[in-house]
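J.: Here's the feature list from Swiss-Prot:
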type: BINDING; residues: Cys347, Cys407, Cys410; note: [4Fe-4S] cluster binding site
Amino acid sequence: MAKTLYEKLFDAHVVYEAENETPLLYIDRHLVHEVTSPQAFDGLRAHGRPVRQPGKTFATMDHNVSTQTKDINACGEMARIQMQELIKNCKEFGVELYDLNHPYQGIVHVMGPEQGVTLPGMTIVCGDSHTATHGAFGALAFGIGTSEVEHVLATQTLKQGRAKTMKIEVQGKAAPGITAKDIVLAIIGKTGSAGGTGHVVEFCGEAIRDLSMEGRMTLCNMAIEMGAKAGLVAPDETTFNYVKGRLHAPKGKDFDDAVAYWKTLQTDEGATFDTVVTLQAEEISPQVTWGTNPGQVISVNDNIPDPASFADPVERASAEKALAYMGLKPGIPLTEVAIDKVFIGSCTNSRIEDLRAAAEIAKGRKVAPGVQALVVPGSGQVKAQAEAEGLDKIFIEAGFEWRLPGCSMCLAMNNDRLNPGERCASTSNRNFEGRQGRGGRTHLVSPAMAAAAAVTGHFADIRNIK
């Protein structure tokens, strides 16, 4: 029987499936951070259980770390306790930890792929919703809750029901300057923020194949923002070239054998999907969200929509509420909307390719008066690479703040946050009310678009910036 990539990955990991019961899946990799793990380790301790497979468990600190100092005390009492607990737990249970002073420390979904911890064909979980990022490698990756974190630590397995399947095909080639972030925002604009609920999404089509691994990670990272369980891109030569030679990747003949298997991780011809969505890549322009969910998105050249134009009463009410929170009036051009802060970072857009794209816009320009702009590399490795290329100097010269790795202003769990009423052009993944700080107003954009907003003081079409 013809199978989708998701069905192949799922079936290959079923440990046990009794009739009328939820299947038990084997988990190949478990990524751990300081926020969702303390209670899980306490649960192990209470029952006298070890971590079943410490060699398949990798930990780092990211959510509430300071991006200005490596001092564990810098972000308050709760952050300090969570980080100290992680240090204690990893030591006690034999789990490898990339702490604040480790060169590999960084956002968990940046660190995993760059260390070769993430490989095609794997099942990967983490107590974090954006675990879907790793699906870019043709791995089944999804976020889990803290009680499930404990279950995986104890057994290296997890009960999981089968999801529905969705194919999103982006046909043709994207125009110059259009990034994975623009593509995924355009997709969510079409499906809505709940369009993928109950599904695992496979992204395909020429525009997807053309993306680098960094771009594919951006894409899969935001699958969760359309309500999907996970996102997938089938592995190909781009994937294999990225993985080859990385720290935890197979070497020599083992790598060749792995690639032979990875090449089978494609959706079979004739396999059927529960839902199919198609977009034309050439129709996608730079995207900017205007509301309070990622599906409320328009082209940079559009005007702020009028809630009255929505036929669906639920959408209309949602748009009215969003505009009131965002402090925007219907009909005004998006390019006239001024911003207060810019955040370039997060597990969506903090990799080297993202920083290069932002630096290209920032080079030889200055951050607009009254704007604070942060650039937060996704990991110690990304930071070192960017500095080797001189990107930090470009940003600093332009008036951006060059920070230490961490989740930073993506979420209000550390010192980097918006004040009430402040408007931010952000490369992160969520624009809910209060996501970046109470009363903060978030607009999601690509790294180049964020840099353009920083230097102009408002949203600007990067295609017009020479």
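From the backbone N, Cα and C atoms, a Cβ is placed for every residue, glycine too.
Are these features on the surface or tucked inside, and what touches them?
T.: Residues near Cys410 ([4Fe-4S] cluster binding site) in space but far in sequence (CB under 8 A, at least 6 apart, same chain), listed by position: Phe343, Gly345, Ser346, Cys347, Thr348, Ser426, Ser428, Asn429, Arg430, Arg435, Gln436.
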J.: Other residues near the [4Fe-4S] cluster site, CB within 8 A of the CB centroid of Cys347, Cys407, Cys410?
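T.: Neighbours within 8 Å of the Cβ centroid, excluding Cys347, Cys407, Cys410: Asp62, His63, Ile107, His130, Gly345, Ser346, Thr348, Ser350, Gly406, Ser408, Leu411, Ser428, Asn429.
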J.: Just how many other Cβ atoms lie inside 10 Å of the Cβ on Cys407 ([4Fe-4S] cluster binding site)?
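T.: So the number of other Cβ atoms within 10 Å of Cys407 ([4Fe-4S] cluster binding site) is 30.
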J.: Can you count the other CB atoms that lie within 10 A of the CB of Cys347 ([4Fe-4S] cluster binding site)?
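T.: Total other Cβ atoms inside 10 Å, all chains included: 28.
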